[in-house]
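Feature list (source: TrEMBL):
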type: DOMAIN; residues: 31-363; note: domain 'Aminoacyl-transfer RNA synthetases class-II family profile'
type: BINDING; residues: 100, 101, 102, 127, 143, 147, 296, 300, 301; note: L-histidine binding site
């Protein structure tokens, strides 16, 4: 009996395998999503605002491979290195998917011996993170980076990066925001005067970086309990990291008996003062806060660091405000290119990364709440016919329009009903209809219908392109 049972179980297992072959799970991998036409229309709007700001500031565009040699990425991200996606070796090279666009940029500069460039780069990056899709946290997502590389007078490029963040967030109309600013040198100087051993700087830094998400008590107990910092040093840090303000705070810290004695902190504070003077000239200090708790986890920052945070959304349509936190961040990283250069030649860099996914989450939720109809095409005119047997005339006319650069569509039917053609325009938001009928063909005109007002005008065939251009600019 046991033998027979074993046989039957084996047969069942084989059958199970066969069944499994037909079952196909239709889903996107964890931490990724598809974007339909509606979402892409919203994304394109956001991208175009960001790109036009980058171009306004004179940036060139580059692209780099989606994967890099593993050693290029290793050791550049501190505690976050565990989130790097490694690829299986399939040809003698150990590879990893890029984690951000900054390290590939530094590799590109060193490899091509470039010492001076202002560039932007918009591309996908990959992190083996625990995704929080509703808040715009994914494993595959876009970054939009702007960087200035080169030896320049202090704080001028840094101030421009902050101006760009201010420009983009204002342009996208995401609501109220604040850009927090700090300096790695001020942080390191502060740790030194508070009694943090050199070897613990980076790990204490990543604890401080959590202050925007958890209260000071929790951060303190992590520093003391998990990271072995003395309670006295933690309390001293606590006094500093809860400070934030503007020029007045910088002046006060420059007089601070301990900080002002520390060379690094003093340098950082003097540069911070200069930065605020430039930001005042740009007229944006109302949205800037010098915040001593800002640490930004990445290991490669050497000077100014900043992060833009959206303040609570006041939105009467949504009961619960969308809290998405940071929507842009960046800073100065003067040592990164030197890590790749065989001779260790340094190229000072400062840059900013716009958190497009989080921004996109907000725009998407806002549009859903407002029930605004989103156009997913840019079609200016539908070529329609009023009677049967006019397919050839429609094809001739639409070809003329396409050749003139007009965005035009027609229905793929020999003899569509006029009503159906007009309904298609209503559904897709096409503003104009160019109607050909027997009488119009005899008269050498086209009937142009404005969908919104239902007004119709006869336009001479040779003036049609110009008329469509004028009217779509008004729509």
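Here the Cβ of each residue, glycine as well, is placed from N, Cα and C on the backbone.
Sequence features annotated in TrEMBL and their locations in the structure.
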{"residue": "100", "record": "L-histidine binding site", "contacts (Cβ under 8 Å, 6+ apart)": "77, 125, 143, 145, 353"}
{"residue": "102", "record": "L-histidine binding site", "contacts (Cβ under 8 Å, 6+ apart)": "145, 147, 300, 333, 336, 351, 353"}
{"residue": "296", "record": "L-histidine binding site", "contacts (Cβ under 8 Å, 6+ apart)": "209, 305, 307, 329, 331"}
{"residue": "301", "record": "L-histidine binding site", "contacts (Cβ under 8 Å, 6+ apart)": "184, 331, 332, 333"}
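Around the Cβ of residue 143 (L-histidine binding site), 19 further Cβ atoms fall within 10 Å across all displayed protein chains. Put simply, the two farthest-apart Cα atoms among 100, 101, 102, 127, 143, 147, 296, 300, 301, the recorded binders of L-histidine, are 21 Å from each other. Along the domain 'Aminoacyl-transfer RNA synthetases class-II family profile' (31-363), the predicted structure has mean pLDDT 88.
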